[in-house]
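Everything below concerns the one structure shown next.
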Amino acid sequence: MTINNILWFRHGLRLHDNPSLLEALKSDCVNQSSEAVKLFPIFIFDGESAGTRIVGYNRMKFLLESLADLDRQFRDLGGQLLVFRGDSVTVLRRLFEELNIKKLCYEQDCEPIWKERDDAVAKLCRTMDVRCVENVSHTLWNPIEVIQTNGDIPPLTYQMFLHTVNIIGDPPRPVGAPNFEYVEFGRVPALLASELKLCQQMPAPDDFGIHYDGNARIAFQKWIGGETRALEALGARLKQEEEAFREGYYLPTQAKPEILGPATSMSAALRFGCLSVRMFYWCVHDLFAKVQSNSQFKYPGGHHITGQLIWREYFYTMSVQNPHYGEMERNPICLNIPWYKPEDDSLTRWKEGRTGFPMIDAAMRQLLAEGWLHHILRNITATFLTRGGLWLSWEEGLQHFLKYLLDADWSVCAGNWMWVSSSAFERLLDSSKCTCPIALARRLDPKGDYVKRYLPELANYPAQFVHEPWKASREQQIEYGCVIGEKYPAPMVDLAIVSKRNAHTMASLREKLVDGGSTPPHCRPSDIEEIRQFFWLADDAATEA
């Protein structure tokens, strides 16, 4: 007898450390040796799953490459990834009806934006007597368990979050590799395949009406999706981590940011689950223990050596019971700041990289061309849009980043935007640590190599002027081949003026909130060191306008 099971991929686009896959390979019978399993691995393009509601060309391409990599692996095993287009509940109902499915397995999507879909699927399974198995593997800990352990309320500070997960204990280690020896792969009958729009080959972004809109800019860094590439990249990243540990520091991509690349970030692979976050976490921690065991200098370990992963967990936990987490007015943890309405072309100029500030513009053009930005550059551009410059809502920036970033993740992306704009996770309406794009540009890119890569119109400007080209005389601008205001825009705001104005506005709002007693349950950093690490503030010069 053969048992038909479905493995439904949403995130978690991998075979390694995939407890849902292991569950789908089980027949659930007492005598499993007499029961063969027929596996149907599927993905459904429903316009929502894997963040496809708001998606640009680069991220859709990365997703499709990740699915193609999965498909290649399944084909090597004698099967294939079945990719459908349609409503998830409708597709699953028809598969249940026609294929005699006994079990549906999938990885938990913990964010509230997926709750309606998953509740409907769970109800369908109950109605049709299909066993539904959901596993936690996209996060290190189950966010619901974290909240329950904290007294059924989300931890309002990062330190409170650390305290809570320390009570729970270390995250689980990765599960073992799947055994496909006795597994048969299922096929979908032709009529049903046609009805459910089963893709005969892996689609391209253009098949979804998503076309490249990088304005013919050159993508200098190529990102390729898929588990195979992610595991290769992990090896390179671990070498970087080991070097840092041997030199006595950690978080190398944050401690010594390299904005010119090649980038060693794993964020896109983690976002789509091409790489297991548990594997990454434990590889780094085991490596740290190994280095320390052979070193005469002992450094404290703990969660901070994978701090960026822990912040990811924190943002997931803060969002899991908050369906309005990605907006301002209905969000209970977000301060309602009276941002300007984008009535002129300010927002468009920021999006297109035409602000007149070279570091901002280079970063925004890199985002359009490649779909990725270093964490530091995200902070600079986000601060400029909100409290550090244009005074426009973080919600506008969030929607732009969600569309174009390869690693755009609703919980993490929204959390970062709220922090940078001082709307949440920051000290109450504090603009004292407000990154200046010019001062930080000089520190990050002293020769202007990054700016010149993405702003070729400034290629002939010397380091003296490349971050402030308007300070060159007109004769010099002509000599450099780019007159400011003609081939490259003049600064759209006076930073000295807007920084003081914004800081004054923040201070006034803070007084009103405190005096009026209307402060919301405001998430905040535990200490100044968290702020300095997040914004990469090594000295006060980087905060001056």
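Quick reminder: no glycine exception, Cβ is built from N, Cα and C everywhere.
Small disclaimer: the values here were computed from a predicted structure and weren't measured.
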Can you find which of HIS211, HIS285, HIS324, HIS375 Swiss-Prot lists as binding FAD at the same site as ARG237, SER265, SER267, GLN308, ASP407, ALA408, ASP409, CYS413, ASN416? HIS375
Within 10 Å of the Cβ of SER267 (FAD binding site), how many other Cβ atoms can be counted across all chains shown? 19
Check the DSSP secondary structure of ARG237 (FAD binding site), expressed as helix, strand or coil. helix
Checking the binding-site residues ARG237, HIS375 for other Cβ atoms within 10 Å of each Cβ, the smallest tally belongs to HIS375
Determine the Cβ neighbour count for ALA408 (FAD binding site): the number of other Cβ atoms within 10 Å of its Cβ. 23
Please list the DSSP helix, strand and coil residue counts for the domain 'Photolyase/cryptochrome alpha/beta' (3-140). 60 helix, 33 strand, 45 coil
List, in sequence order, the same-chain residues at least six positions removed whose CB sits under 8 Å from that of CYS413 (FAD binding site)? LEU398, PHE401, LEU402, LEU405
